[in-house]
Amino acid sequence: MLEQVILFTIIMGFLISVLLSPIFIPFLRRLKFGQSIREEGPQSHQKKSGTPTMGGIMIIFSITITTIVMINKFSEISPEMFLLLFVTLGYGLLGFLDDYIKVAMKRNLGLTSKQKLIGQIVIAVIFYAVFHYYQFATTIRIPGTDVSFDLGWAYFILVVFMLVGGSNAVNLTDGLDGLLSGTAAIAFGAFAILAWNQSQYDVAIFSVAVAGAVLGFLVFNAHPAKVFMGDTGSLALGGAIVAIAILTKLEILLVIIGGVFVVETLSVILQVISFKTTGKRIFKMSPLHHHYELVGWSEWRVVVTFWTAGLLLAVLGIYIEVWL
């Protein structure tokens, strides 16, 4: 029965995204919600200017409807499900405001860094407040073992850091057609397996709902992309995957399963540090996916390579937790 629920969930998430996209994409185009391309980015990206953005709305809609329908039919809204939906919708709303300012108000930078950071922290603090209210464990466990450590009040700092950092890391990965959609689908699929292994079936249902929604979106986001998810989608996905890691006590394993997001972020950090300290850049451009573009790789080759890396890291993460 539960296996059928999981199958129905991913199919439903996929179909909602696929069927909604042909309606929603022309609507975004009529509103002239087109992506502006930075001049300092790769020149090959300039032809993408005007491609409809804010497609993350479709992903979030699919996730929300699919999750609520499946949970109401086969279970009930648990505290875990509430937290997952809250983070997804909260970070999605923050991303929506950022995108709206960019495309509707023609302010290419969107929200200021300070405004976005404050929003991310506020959502993370509310998440932890609810988390604490329901007395979820403040322990952190070493993957593949029963060894855990209670961080006490320090867990609050970890949660806020993970949600803010994780949402930004996923956001940085959304730079090529289909790159984030593919890597996210893989990562959420891995967490679905691990949540299922822990008998956290509501978290598993949510995870496959996200995977299905993102795969449906990928049909229209793969190269050449007909729509971008924007910060609306990337921040929502980032917050969601971190929340899943926290609720399944797989915070450490997130670094492996989400390894592509981690490496992308580290490439930006190292680039900034190197330039400020030595005046030289380590990469031709950061995040890392742009570096490979500028050394001559085709966009599709970069994307498939990163998908492959994400898949291998996901398999490694599952192996460590389940079979090691």
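Using N, Cα and C of the backbone, Cβ positions are placed for all residues, glycine too.
These numbers come from a predicted model, not from an experiment.
Annotated in Swiss-Prot:
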- 5-25: transmembrane segment (TRANSMEM)
- 51-71: transmembrane segment (TRANSMEM)
- 77-97: transmembrane segment (TRANSMEM)
- 117-137: transmembrane segment (TRANSMEM)
- 147-167: transmembrane segment (TRANSMEM)
- 176-196: transmembrane segment (TRANSMEM)
- 203-223: transmembrane segment (TRANSMEM)
- 227-248: transmembrane segment (TRANSMEM)
- 302-322: transmembrane segment (TRANSMEM)
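With a threshold of 8 Å between CB atoms, the same-chain residues lying at least 6 positions outside the transmembrane segment (203-223) that come near it are 5-6, 9-18, 21, 25, 55, 58-59, 62-63, 66-67, 70-71, 74-75, 80-81, 84-85, 88, 176-178, 181-182, 184-185, 188-189, 191-193, 195-196, 229, 233, 237, 240, 244, 247-248, 299-300, 303. Stretch with the most C-beta contacts under 8 angstroms to the transmembrane segment (51-71), considering only 5-25, 77-97, 176-196, 227-248, 302-322: 227-248.
Taking residue pairs at least 6 apart in sequence, the transmembrane segment (227-248) and the transmembrane segment (77-97) share three or more C-beta contacts under 8 angstroms.
Listed as Cβ neighbours of the transmembrane segment (147-167) (distance under 8 Å, sequence separation of 6 or more from its ends, same chain) are residues 87, 91, 117, 120-121, 123-125, 127-128, 131-132, 137-141, 234-235, 238-239, 241-243, 245-246, 249, 251, 254, 258, 261, 265. 227-248 is the stretch from 5-25, 176-196, 227-248, 302-322 with the greatest number of Cβ pairs below 8 Å to the transmembrane segment (117-137).
Taking pairs at least six residues apart, the transmembrane segment (302-322) and the transmembrane segment (5-25) share fewer than three Cβ pairs below 8 Å and do not count as touching.
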